[in-house]
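The structure appears below as structure tokens.
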Amino acid sequence: EEDIIITTKNGKVRGMNLPVLGGTVTAFLGIPYAQPPLGRLRFKKPQSLTKWSNIWNATKYANSCYQNTDQSFPGFLGSEMWNPNTELSEDCLYLNVWIPAPKPKNATVMIWIYGGGFQTGTSSLPVYDGKFLARVERVIVVSMNYRVGALGFLALSENPEAPGNMGLFDQQLALQWVQKNIAAFGGNPRSVTLFGESAGAASVSLHLLSPRSQPLFTRAILQSGSSNAPWAVTSLYEARNRTLTLAKRMGCSRDNETEMIKCLRDKDPQEILLNEVFVVPYDTLLSVNFGPTVDGDFLTDMPDTLLQLGQFKRTQILVGVNKDEGTAFLVYGAPGFSKDNNSIITRKEFQEGLKIFFPRVSEFGRESILFHYMDWLDDQRAENYREALDDVVGDYNIICPALEFTRKFSELGNDAFFYYFEHRSTKLPWPEWMGVMHGYEIEFVFGLPLERRVNYTRAEEILSRSIMKRWANFAKYGNPNGTQNNSTRWPVFKSTEQKYLTLNTESPKVYTKLRAQQCRFWTLFFPKVLELTGNIDEAEREWKAGFHRWNNYMMDWKNQFNDYTSKKESCSDF
């Protein structure tokens, strides 16, 4: 009983004991870590918490942060499983802690950061339940809610009323909370590993780049996301435009920043949600309407630049991707794609799809993608275009940036480990053609297949146990290979050989240079195409318009000149 009441720096909290796999885990759900960002604190950095006097009941998940929910496939488990399962509120800055029982001494801590494109997400989803990891690996698991969408990332640079990156400062404050308080829970503040998926992994990699976050953790795990991905960070200019667009849509005057923010602060959060989806003129199906920005405070430069300069925390990282990262985005509106059929698309639909995912790229740029991704040996195969678009979207947005991040990191002599996850869960509600989808390694990391009554296979339970073991080993020792030598050794990823490990229900294998050909295209060739043809369409349109103007001038000039010569002739008659 005494283990479930713990004294934190802000006051006492009461948790609860949960039976897990024949043992016990003590869970503390919904501990506040910041002042609720309400009223005049909306859009501001999180403010630290004052003390409370009685015992805080941390026995149920807190509110989820305000967000738009996914209504694309009502009642369908595949999309609904990611929607918030607690009430939406602006009062949402709470965290959860799972500790093995009896209370450990100096246990390693793993802090989970959820994904959701910086627009959605919550720490209370069943698939993020920390109890299995705590029970099986005897680590302490922590997860926090952070603000998303405009409420978390609206940005007017250097204006403390809405500085941008508020959601990342929320995460950072939760990391500080762990530093100050985790010892009371039996955790070791000097052994803290961040792990996250998608936008959560991009967040983790931003903490690696942010000087203020670096002292607050030890190591990092990035699952299917990184800060150098094309969707992860918005330029200041773009972020400012979106803020102004939002203000305009909501009838707030844009003449004076202070007035504008005051006006936005008075709006109903639901109204902000309805309008924030319209701030990007074209929907790429991967739209991050409001996300991280270079604010000069949390983030001092674009991630690419910081990576290039080697300005990141020197430590070990574990990074990886799934086999079919692109499919999850295609069913949300690429032409010819549906979750209810095989999505065999035509060349024309493939080209239309490219337009959706690369709205600002010239026709020539899109042609270069088609050329590179088409299997010309077998261009009559029905699935070709479907698989090609899956690869294009997955490589460009997830796989190649993650590999590039790992490569840059390892060049400076830091140990990096890379995985390629290729097991399709037998419980996956999405259709077969979608393969090993974005987000579907998470249940294996959190040990959901260990619960007997959930109908995973025995092989999946074994896979999940081995992933948990490797993740926890990495968190404890900076190396996923334990002392026991019965499993395949996971070699270090070096920028030269680029070795990686496959994770599936067979035995893991080591390969080198994942998707080397494709990633060369994205990192080296494609930027050149953009530079040269930048927007060839734009240039061409301007040239044509210019030519028409010139043509008209010429006609005009000719008429004027004829007029002049005829007048001159009539004058010379006198």
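Glycine is no exception: its Cβ is also placed from the backbone N, Cα and C atoms.
Annotation source Swiss-Prot lists N-linked glycosylation site at Asn57 (among others). The Cβ of Asn57 (N-linked glycosylation site) has Val13, Arg14 as same-chain neighbours under 8 Å, each 6 or more residues away in sequence.
According to Swiss-Prot, the feature disulfide bond maps to Cys65-Cys92 (among others), an assignment based on similarity to another entry. Just so you know, the Cβ of Cys65 (disulfide bond) picks up 28 other Cβ atoms within 10 Å once every protein chain is counted.
Asn106 (N-linked glycosylation site) falls outside any helix or strand according to DSSP and counts as coil. Here Swiss-Prot flags Asn106 (among others) as N-linked glycosylation site.
Annotation for Gly117 (substrate binding site): same-chain Cβ neighbours under 8 Å, separated by at least 6 residues, are Ser198, Ala199, Trp231, Leu286, Ser287, Val288, Gly291. For Gly116, Gly117, the entry in Swiss-Prot reads substrate binding site.
Look at Swiss-Prot and you will find Ser198 tagged as active site, acyl-ester intermediate, backed by sequence analysis. Other Cβ atoms within 10 Å of the Cβ of Ser198 (active site, acyl-ester intermediate) number 28 in total over all chains.
DSSP assigns Ser198 (active site, acyl-ester intermediate) to coil in the three-state reduction, placing it in neither a helix nor a strand. Among the features that Swiss-Prot reports, phosphoserine is placed at Ser198, with the record citing similarity to another entry.
Neighbour list (Asn241 (N-linked glycosylation site), Cβ cut-off 8 Å, at least 6 residues apart, same chain): empty. According to DSSP, Asn241 (N-linked glycosylation site) sits within a helical segment. The N-linked glycosylation site annotation in Swiss-Prot covers Asn241 (among others).
In the three-state DSSP classification, Cys252 (disulfide bond) falls within coil. If you take the C-beta of Cys252 (disulfide bond) and look for same-chain residues 6 or more apart in sequence within under 8 angstroms, you find Glu259, Met260, Cys263, Leu264, Lys267. Positions annotated as disulfide bond by Swiss-Prot: Cys252-Cys263 (among others).
Residues annotated as N-linked glycosylation site in Swiss-Prot: Asn256 (among others). Under a cutoff of 8 A between CB atoms, and with a sequence separation of 6+ in the same chain, Asn256 (N-linked glycosylation site) has no neighbours.
Marked as active site, charge relay system by Swiss-Prot: Glu325 (among others). Its Cβ taken as reference, Glu325 (active site, charge relay system) is surrounded by 27 other Cβ atoms within 10 Å in the chains shown.
The feature N-linked glycosylation site is assigned by Swiss-Prot to Asn341 (among others). Taking the Cβ of Asn341 (N-linked glycosylation site) as reference, residues of its chain lying under 8 Å away and at least six apart in sequence are, in sequence order, Pro431.
Long-range neighbours of Cys519 (disulfide bond) (same chain, six or more residues apart, CB within less than 8 Å of its CB): Asp395, Ile399, Cys400, Leu403, Glu404. Marked as disulfide bond by Swiss-Prot on the basis of similarity to another entry: Cys400-Cys519 (among others).
Per Swiss-Prot, active site, charge relay system is recorded for His438 (among others). Under DSSP, His438 (active site, charge relay system) is assigned to coil, being neither helix nor strand in the three-state scheme. Shown in sequence order, Ser198, Ser224, Asn322, Asp324, Glu325, Gly326, Thr327, Ala328, Phe329, Gly394, Ile398 are the residues of the chain, 6+ apart in sequence, with a C-beta less than 8 angstroms from the C-beta of His438 (active site, charge relay system).
Marked as N-linked glycosylation site by Swiss-Prot: Asn455 (among others). The Cβ of Asn455 (N-linked glycosylation site) lies under 8 Å from the Cβ of Thr426, Lys427, each on the same chain and at least six residues away in sequence.
Annotated N-linked glycosylation site per Swiss-Prot: Asn481 (among others), in sequence order. Neighbours of Asn481 (N-linked glycosylation site), defined as other CB atoms within 10 A of its CB across all chains, total 19.
Look at Swiss-Prot and you will find Asn486 (among others) tagged as N-linked glycosylation site.
Cα spacing between Gly116 (substrate binding site) and Cys92 (disulfide bond): 16 Å, rounded to the nearest whole number.
The Cα atom of Asn106 (N-linked glycosylation site) lies nearest to that of Asn481, taking the recorded positions Cys65, Cys92, Asn481 as the candidates. In the structure shown, across all protein chains, Cys92 is the one of the disulfide-bonded residues Cys92, Cys400 with the greatest number of other Cβ atoms within 10 Å. Between the CA atoms of Cys92 (disulfide bond) and Asn481 (N-linked glycosylation site) there is a gap of 37 Å. Cα separation, Asn481 (N-linked glycosylation site) to Cys65 (disulfide bond), rounded: 37 Å.
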